[in-house]
Amino acid sequence: MPVTRLKLGKLKVVRRQLLQRYEHQPFVSCLAGLYGCQWRRYQRARAQPGECCCSKVECGSFGLLILTFFLSFLFLYFWSEAQNDYNDFDWFNFGTLGFWFPWSLVLLVVAAALFTYIALLLVLAVCLLSEGQRLYLHWSHKTGIVVTLAFSVTATAILSDLWSKEWKTLLLSLQVTAPYLHVGAVSLMAILSWPIALHFFRMNKKVRQVAVLGLYLSVLFSLYLVPLGMYSPCIKEAGTLGPAPTLIGHRGAPMLAPENTVMSFEKAVEAGGEGLETDVTISYDGVPFLMHDSTLKRTTNVAEVFPNRTHIDASMFTWAELQQLNAGGWFLSRDPFGTVSSLSESDQSQAHNQSVPSLAQFLEVAARTGRLVLFDLRRPPYGHPYSQSYINTTLQVIQAHINSSQVLWLPSEDRDLVQAVDPQLQQTSGEKASIQELTDDHITRLNLHYSTMSQQQIRKYQSVNISTNLYVISQPWLYTLAWCAGAHSVTTNSIHILSSINKPLFLMTPEEYSLMWILTDVVSAFLIIAVFIFHWYDHTHTHTHRHTCFSDN
């Protein structure tokens, strides 16, 4: 009789195991199929108590997947936050390769696609672990992980070498995004607590348990403490936010019209710009005109009109020759900001007919509309008839066409002489210096790259009536930072976008921020503890139930 009862008990156990092996599990089948191409039930296996969740090879693949996830996220975040300077990147490639292509957007799309792919694989892996399944990653996915990892590392290395200043942009972006990244990271750790707790209580080796739990808690507590080191000028006491920075159109409104054309400056005025920024070069016969590049290749049809002079310095052309060029067709054909389709037919027609404007034409627009002007003045090359007198030539045009008090004089050459000739000019410096040096040079405004943004320094200069202009800021989040930091003005490509921003995108009091991160940490800690208690109880109850069943049998 006892023997018969024992045989029946064993048969029940075998039957239970067989049913478990072949029972229909559509959700698990889908997960295993997508992750490891294991669509059939017999192809996969559950991780038994005391077993590791995967073999050593698969454990390495899972670790590589996690590493690739973080590196691909880092590059995607880095490149998405660099959107403010995409135009510079594309024109750099134009100068290097000789043809126009929106490489920045292509790079962003590829990075987003690869990160999404890796993120989905990681989600599948976590779901399989949550279901107690052993991991098996298909070879095609392993290849995809290696490709993504190689792309992320290579792209990051190349851009860091060629465009290292963008890391400063990334650090600035954290002053806006860090609170939300903190919430996302802590939420992710709370989600991961489920599979970690499940396999933690199944492990029969204390060393593994200590290693897994120690690593998990180390990361978790580090995330909990990260906000203590958080700094942002947009976390400030209520009522201390200053006025919004005024907007200076960078070469006009280059998203709405060809840069450095009369149409571009008129569009900047219409969009609400308080100032206009440009670049001045002297023609061979002494006429100051507007051109950013040293050659005419990028923004005119010089290759059609003067095919043998495409690489000649722009200042070596006479004003009559410059007037033969079209300065708008390139904008419609290359569409550098992807905005041409949004323009009306009349605007597109007007853009196509733009010519290279003189400094006098530019100043007349500013004088008529009462706008400030800011410009870089490029010295003509050696041998040019005006290489020594270009400053005096420019001053004569200024005095003839606009009130000098509207001009922010940026060139540093012969500044004392310029101040003596025309003391009404607003002397502007493109470099930081001591307050004593700035006041000695009669500096009333600083024109600095946005990556040097510092609330403390802006306040220091403001205390002696030196205002700060930051360039080139085209993204709303950067404009928000400049606003919170106390910048008086910003030079921008997107004047029509920034002029519609009525309040900072991110603004909190210290009390609100403290409540946000403390509440996030407390809620996540409660959920994580609850998950671990649940799995401890489930493991203990299951172990006791199995022991009772085998004792009865």
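Cβ atoms are placed via backbone N, Cα and C, with glycine included.
Record features, source TrEMBL:
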TRANSMEM  62-80  transmembrane segment
TRANSMEM  100-129  transmembrane segment
TRANSMEM  141-160  transmembrane segment
TRANSMEM  180-201  transmembrane segment
TRANSMEM  213-231  transmembrane segment
DOMAIN    245-502  domain 'GP-PDE'
TRANSMEM  515-537  transmembrane segment
Range from 100-129, 180-201, 213-231, 515-537 with most C-beta pairs under 8 A to the transmembrane segment (141-160): 100-129
Cβ-Cβ under 8 Å with the transmembrane segment (180-201): same-chain residues at least 6 beyond its ends: 47, 53, 126, 129-130, 132, 174, 209, 212-213, 216, 219-220, 223-224, 226-227, 230, 516-517, 520-521, 524, 527-528, 531-532, 534-536, 538-539
Average pLDDT across the domain 'GP-PDE' (245-502), rounded to a whole number: 96
